[in-house]
Amino acid sequence: SGIMLKKPVLVESLIVFVIVLFVHTVVWDRYSWCAVALAIQAFYAQFKWDRLLQLGGAVFQFRTAANSGLLPASMVIPLLGIVMKERCKAAGIVYFERFGIVVASTGMLVALFLSVIAVGITKPVPTNTCILTGIAGSIIIYTMKHSLTVSEVIEVLEVLLIFVYLSMILLYLLPRCFTPGEALLVLGGISFVLNQLIKRSLNVVEGRGDPIDFFLLVAVVGIVLLGLFFSVLFIFMDSGTWISSMFFHMMTAVLGLGVIMPWLYRLIQRNPLFWLLQFLFQTQTRVYLLVYWTFLAASACGIVFYQNAKRSSESKKHQASTITRKYFHFIVVATYVPGLIYDHQLLYVAAVLCLAVFIFLEYIRYFRIKPFGQTLRHLLSLFLDERDSGPLILTHIYLLLGMSLPVWLFPRACAPKGTLSGAGALVPYSGVLAVGVGDTIASVFGSTMGEIKWPGTKKTFEGTMTAIFAQIIAVALILIFDSNVNLNSSYAWILASVSLVSLLEAYTTQIDNLLLPLYLQIMFMA
């Protein structure tokens with residue numbers, strides 16, 4: 001076990017594997033067998049990616065100083081699909097059960113595709129990995145052939161196609177921003193959203209689907225299209241001048257009002273702006289929540305400006321400490337918890353809006369658009385993480401994503417009375433638990449009091465223990481304050497899943513804001 005402990009990657013893979021096996025024992029059908037095969041295969045392909053990254057043989061430039069993270073990332077989407085399918089099967093809703101199966105097979109194919117690429121560009125040809133990839137691939141494809149209808153197979157292939165195009169464009173334009181695993185997660189998600197949007201736009205049925213879901217789909221796709229358009233455009237133009245910044249704002253307005261608005265109008269059959277306003281001010285609690293959130297946002301901006309003033313007075317290059325960065329985590333927890341307790345729907349829409357604003361500001365900063373670009377760049381350079389080596393600053397977007405993905409992915413249609421039974425009631429809270437409570441407390445305690453380090457990493461034993469403890473306390477508090485949650489004796493399962501995810505946090509080098517909530521959600525839903 002000496003070799004084992006020297007390599008954090010192995011421990012990380014082991015933890016992921018344990019999670020996969022847990023889900024497998026709960027579900028136990030052919031899809032979860034596929035997931036196990038995929039996990040074994042990804043474990044091998046991950047070593048190939050790691051070696052490619054060290055030798056500089058990978059085709060694109062990925063994020064340095066992190067391993068490829070193929071195994072944790074490639075297991076997320078298939079497992080999500082599988083547990084979603086199980087829940088909807090229990091609720092007896094066939095449409096969403098099929099949807100879960102489609103999600104699972106899409107995730108498997110995309111992950112398999114990445115592994116095949118890794119095997120393909122390794123010289124000399126790695127025979128063992130080839131054989132394993134071939135076996136896993138044939139198992140998965142055989143299962144898909146026997147369980148998917150033709151239209152579903154076509155849909156999976158469409159997603160794969162979009163994924164290939166997007167990954168080529170994005171990895172070419174933005175070097176050193178992702179590891180292969182993160183690229184897989186982010187791009188897979190975007191391509192899936194795009195495919196859903198196209199599919200639903202082509203056959204709009206009256207009353208089918210929630211306007212909120214359409215809002216999410218259109219917002220994500222619109223923002224991504226905007227970004228692609230501008231990055232291609234600013235290859236040919238200098239983006240710092242006044243003319244091009246005028247052009248940027250004009251084009252944003254044109255795309256927003258001329259493309260996104262009519263599209264939404266077609267999907268939800270009424271004026272999007274009026275719908276949004278009516279939605280935001282529907283009840284009194286919503287108005288209160290909005291006021292409270294505005295106050296929190298203002299305080300966050302205040303922290304940034306205060307830190308900046310402090311930096312300029314000290315006049316040397318001064319990085320914000322870990323504690324300062326964790327202020328934002330506290331603010332985010334304070335944002336999400338009331339929304340989760342009182343009004344899920346409002347939180348959903350607010351998170352979508354917030355994501356759009358964040359990414360838009362990131363565009364302005366990246367292209368240095370005239371009025372605010374430089375100042376944003378200056379302000380944010382203080383809070384940089386060692387993980388933002390690329391030209392994009394992504395950690396805050398990942399934080400937002402990690403918190404809101406559980407809310408967005410919550411299978412509302414399959415949940416009678418709005419909550420799932422047992423540990424599933426905690427699903428929307430998994431973001432808050434994993435990132436807001438666990439990660440924050442682990443880093444604060446670990447960096448202040450930690451003595452014993454986990455072998456091979458910078459994380460400490462004390463930090464992880466405190467994190468598990470804090471998450472259990474948080475679950476207890478949620479039980480007290482949120483009357484919808486009743487756990488009925490699944491405490492051991494909750495303890496196990498929280499501990500596993502905290503261990504994963506200690507050992508992974510991926511962006512934990514993105515991975516941890518998803519794994520916690522998978523464990524809770526299983």
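From the backbone N, Cα and C atoms, a Cβ is placed for every residue, glycine too.
Bear in mind that TrEMBL entries carry predicted annotations, made automatically and left uncurated.
Database features, via TrEMBL:
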TRANSMEM  9-28  transmembrane segment
TRANSMEM  65-83  transmembrane segment
TRANSMEM  95-119  transmembrane segment
TRANSMEM  125-144  transmembrane segment
TRANSMEM  214-235  transmembrane segment
TRANSMEM  247-265  transmembrane segment
TRANSMEM  285-306  transmembrane segment
TRANSMEM  327-342  transmembrane segment
TRANSMEM  348-368  transmembrane segment
TRANSMEM  389-409  transmembrane segment
TRANSMEM  429-449  transmembrane segment
TRANSMEM  461-481  transmembrane segment
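Residues 63-65, 80, 84, 174-178, 216, 328-329, 332, 336, 340, 344, 347-348, 351-352, 354-355, 358-359, 362, 365-366, 380, 383, 427-432, 434-436, 511, 513-514, 516-518, 520-521 of the same chain, all 6+ positions outside the transmembrane segment (389-409), place their C-beta atoms under 8 angstroms from a C-beta of that stretch.
The transmembrane segment (214-235) is in contact with the transmembrane segment (247-265), judged by 3+ CB-CB distances under 8 Å for residue pairs 6 or more apart in sequence. Packing against the transmembrane segment (95-119) from elsewhere in the chain are residues 31, 34-35, 38, 41-42, 45, 48-49, 52, 70, 73-89, 125-126, 129-130, 133, 136-137, 140, 143-144, 147-148, 152, 155-156, 159-160, 163-164, 180, 184, 188, 192, 411, 413-414: each is 6 or more residues past its ends and has a CB under 8 Å from a CB in it.
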